[in-house]
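Engineer: My structure is below; once you've seen it, I'll send some questions.
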Amino acid sequence: MGQEKHVFTIDWAGRQLTVEAGQLAKQANGAVMVRYGDTAVLSTATASKEPKPLDFFPLTVNYEERLYAVGKIPGGFIKREGRPSEKAVLASRLIDRPIRPLFADGFRNEVQVISIVMSVDQDCSSEMAAMFGSSLALCVSDIPFEGPIAGVTVGRIDGKFVINPTVDQLEKSDINLIVAGTKDAINMVEAGADEVPEEIMLEAIMFGHEEIKRLIAFQEEIVAAVGKEKTEIELYEIDEELSEKVKSLAEPDLLSAIQVHEKHAREDAINEVKNAVVAKFEEEEHDEDTIKKVKQTLSKLVKNEVRRLITEEKVRPDGRGVDQIRPLSSEVGLLPRTHGSGLFTRGQTQALSVCTLGALGDVQILDGLGVEESKRFMHHYNFPQFSVGETGPMRGPGRREIGHGALGERALEPVIPNEKDFPYTVRLVSEVLESNGSTSQASICASTLAMMDAGVPIKAPVAGIAMGLVKSGEYYTVLTDIQGMEDALGDMDFKVAGTEKGVTALQMDIKIEGLSREILEEALQQAKKGRMEILNSMLSTLGESRKELSQYAPKILTMNINPDKIRDVIGPSGKQINKIIEDTGVKIDIEQDGTIFISSTDESSNQKAKKIIEDLVREVEVGQLYLGKVKRIEKFGAFVEIFSGKDGLVHISELALERVGKVEDVVKIGDEILVKVTEIDKQGRVNLSRKAVLREEKEKEQEQQQS
């Protein structure tokens, strides 16, 4: 079989984007190699030939990192890649979210989209290349897909927007926005920002969309040249006659059940109606397939009725107005031995966050494809089953937990004080205790309170809120503070976090093809109003960060030494620094510029370690007097330690004013004597004199007697 390779090229933000099709992974339904600068990503799309007997679309998106892409060999004994890194999980979610809405309702064939990162140029995003490649692999395949989509990164430097900023440019940018969409609309947003106003964030999104249109035109050109004909598939549909029968049996009672305000009572009421309808069909002895379709019809009926109530009557399941927030409450200082804790409750959503402060040596070490080697601020999110009143296995964090944790981290990072002002590692853990929607945003609010309780001098408090949307034709309703049912049955989950001044994080997922500028603008403004209300509630609990850290938090002492003296502090094979740590019980972190951070829960231990280090790096000055201790005696003189780690020789002729026959006649080991530095020779050896000190003292006495 021949290997006909088709190559397509375009300029993308000043760097070359090349697509190769037809040579690699030809047994997949669709495959492309995307080269962006020196970044290379192989993206493939594969689908099962038959639909799966499921009531959801089985799509899997994987972004696979290979350390060979940056010339690294994995650490550990196994020497191969293990479980995906946090960055890989987030990238998989990033690609999944814009492509998922573009498969037809009722499509049940299993689809797997895999992107393998094979080479990384740090200034050419492998995530953006993988998103482009994933869309294109689906488009050139025979898998039914209503794309293409594309995504870009948008930065803002000195007030000007930049597409796909380099690593250096991102350092100067106050926005790090990833936006994806079709040629007609936006369908995914992920952003971090330094308290940027909503209006500017909206302009950044629309700026990114213009570049997306160009990338989609490029994909359409490639599809026209090498794309396969799409497979005809049979979509899963429910018989209309059955639907009408189910509707007639359920509708009267379902409407009132949907409008029960309390979550569990509402679920019970809806289930009661569903069970009654299913029971009637079971009495008529219908087969299992029909019963399954009845249950699916009932679920669809609930969805349609909730959406109708919201769009036509502006009525929400719990009775709130469209822009009304659920009851708010918060509390701090719940856990006495932790460094800081905050509890935030919004309706039936509740999060408890705990702040832990550590030394700079406690940073998280990153071993991935990026340039970042460590991070000193972390936010971890846990979602136990009891938060929704269910049982289930206790597993490690999944994609959702990692994604929500990262969103909170992004929202809070802009307000974390820098290392110079606050030399601590900060770890936040958010425990979701109750869930009825917007738990990620509740964790942001609780984390802000926990840091303030811990005494972290944050630049400003941060609050988060989740906005929803129900769209029917040209009509739509934007919802403030969506609960679980509105999230599940609505068209959008738009999370906005920020301070009083502006936005620090955005995340938008939708289930429809895209959103217009008008809807985005309305959602952002409505979110701002809600965020201010939440911030006011939080600040009524704790108005500002505590002035003092917890007594259980480590105390950190900072000192600076000459960088050339770092080796003296560390010692051969770390012997010296390990001895200091062992003797004082502190942690010591040394920067290359000579900054030293000493930490422990005991301030006196810090001071003790500081004194030892000061003595180690102290420079001996000729002519200076020192009170030293005799450490060793030889025939020719006495060795005196003038400060920790520094000895000098007092020759026998320099011990006294008169002639000395034997060193032991004047000093013994352990004696403290005042000596003067007379010389430091070329080999760094220090010569001391007691005679010089005695002579000076005698001369002073004579002067005083004469006067």
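Counting starts with 1 at the first residue shown.
Using the three backbone atoms N, Cα and C, a Cβ is placed for every residue, glycine included.
Heads up, here are the entries from Swiss-Prot:
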BINDING   Asp487, Asp493  Mg(2+) binding site
DOMAIN    554-613  domain 'KH'
DOMAIN    623-691  domain 'S1 motif'
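Help me understand the surroundings of these features in the structure.
Structural biologist: Secondary structure at Asp493 (Mg(2+) binding site), as computed by DSSP, is strand.
Assigned with DSSP, the residues of the domain 'S1 motif' (623-691) fall into helix, strand and coil as follows: 7 helix, 36 strand, 26 coil.
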Engineer: Non-local Cβ contacts of Asp487 (Mg(2+) binding site) (under 8 Å, 6 or more apart, same chain)?
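Structural biologist: Expected: Gly437, Ser438, Ala466, Gly468, Asp493.
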Engineer: Among all the protein chains here, how many other CB atoms are within 10 A of the CB of Asp493 (Mg(2+) binding site)?
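Structural biologist: Taking all protein chains shown, Asp493 (Mg(2+) binding site) has 22 Cβ neighbours within 10 Å.
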